[in-house]
Amino acid sequence: MSAFPILHHHLLLLRPRLHISVKPFSRTLRGPFSSLVSAQCASSLSSTASREDTDEMADPPSAGELSEQQQLIDVNPPRGTRDFPPEDMRLRNWLFGHFREVSRILSFEEVDFPVLESESLFIRKAGEEITQQLYNFEDKGGRRVVLRPEITPSLARLVIKQGKSVSLPLKWFTIGQCWRYERMTRGRRREHYQWNMDIFGVSKVRAEAELIHAIVLFFERLGITSSDVGIRVSSRKVLQAVLQMYCIPEKIFAEVCVIVDKWGKITKEEVEKELSLAGVTPEAVKGIVEVLSLKSLDKLEEVLGSDGEAVADLKKLFELAEQYGYSQWLTFDASIVRGLAYYTGVVFEAFDREGKLRAICGGGRYDRLLSTFGSDDIPACGFGFGDAVIVELLKEKGLLPDLMRQVDDIVFPLDEELDGQASKIATALRQKGRSVDLVEEKRLKWVFKHAERINASRLVLVGNSELQRGMVRVKVLSTREEYEVKIGELS
């Protein structure tokens, strides 16, 4: 056998000669994971553009020229959704792996729920923006159902269902797909995957401190620092205390929270106008706006006093942050209220300090959620962390990993009559846990290139002369070392 030839980088772009449909292929790389496509691949795509443009300018074949089976469908997924080809799936699995590992480190158990839920689970909080963004419909049994827009109500449903069969506290996490029909922007799609961590049965802010610790650990694992990302913290009780100061009725509290959540997304004047339309008095509007502008916990204490729950909870959380060692990540921001009506206490959002992206993740305390579904309340808090914005941030910081496909072995019979022996060898290696690609009916030159494309560690060549001696030839790709080994000792 000759020495292993020098392998050069190649990318085969296989392009079937298919008729172009009336709606042509989009060559835009879609989804936050598209950045994994290498510059070499992008160059190859560019080099074929002129040929594709020529094809697209040609008149499409008439319906009579194509049978029904030959006519092409639109190959793009529905607007706002994504495909996950292998390179994108590698990134998704890598990201989800970090979600799961951080959850494991903090002793959380994984749960899951159906993507399809009852519509009533998500329309109890009338007036929220989310109720206008539902993918909802009637199924064939006449039931109103919805593709879940968030995880927390499904979690609450399961907690109620489990009842007294589980002991508190519960520390659960999930990674699930969510759907919202909304305007798409950078990092916002109509479907996304979301990592949720939730704690039931802990009334003290220790629970919030644990959840924020999980978020910080996750960022640190990815190489993101406190100079890249901060976590804004406040409490719904702050706004509640301000409303009580001005005798604003409790019944409009949820509506006021939805309006205040727009702070920073619309102008101060627009916030003031919406508050007035909601029935807030001019004096109270002025007081709310003044408090929302506070960025110091000491200043908040001057306004609300030191005896209130809001100030006490926040001071305790910042004290715990010092003890955990992540205080440099936290900033107090009274304008953080979160848009969902079920939050009752501490709330938080992670943001990129350059201000280029929307909120990376967010959460807070929701002690009164279960009673909205007819059950007894349990103290609870949690967060949701989507997959789209974090990938955008990793792009910005140059932290996207280079996730090459990795295969342990390629087994290749040098003659057709050796296919059976090659199958036996591949089976034996797979039973030992190695990933094995069995290749047949190819030229050796193609196999070498294929080995480099899939980042194989070894090439196991099955030849007649070696088999007669009970051996196979092994080529180690990284060192180009070649040796023979007995088939029974191949591992």
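Cβ atoms are placed via backbone N, Cα and C, with glycine included.
Curation does not apply to TrEMBL; its annotations are automatic.
Remember, it's a predicted structure, so these values are computed and weren't measured experimentally.
Per TrEMBL, region 'Disordered' is recorded for 45-84. Annotated domain 'Aminoacyl-transfer RNA synthetases class-II family profile' per TrEMBL: 79-401, in sequence order. Annotation comment: TrEMBL describes GLU150, ILE151, THR152, ARG180, GLN194, ASP198, ARG338, TYR342, TYR343 as L-histidine binding site.
Counting only residues at least six positions away in the same chain, the Cβ atoms of ARG236, CYS257, ASP261, VAL347, GLU349, GLY362, GLY363, GLY364 sit under 8 Å from the Cβ of ARG338 (L-histidine binding site). For GLU150 (L-histidine binding site), the same-chain residues that are 6 or more apart in sequence and have a Cβ closer than 8 Å to its Cβ are PHE122, ILE130, CYS178, GLN194, LEU340, GLY384.
If you draw a 10 Å sphere around the CB of GLN194 (L-histidine binding site), it holds 20 other CB atoms from the protein chains shown. Site extent for L-histidine: among the recorded binding residues GLU150, ILE151, THR152, ARG180, GLN194, ASP198, ARG338, TYR342, TYR343, the largest C-alpha separation is 21 Å. Spatially close to TYR343 (L-histidine binding site) yet at least six residues away along the chain are ARG236, CYS257, VAL337, GLY364, ARG365, TYR366, judged by Cβ distances under 8 angstroms.
Around THR152 (L-histidine binding site), taking its Cβ as the centre, 20 other Cβ atoms fall within 10 Å, counting all chains.
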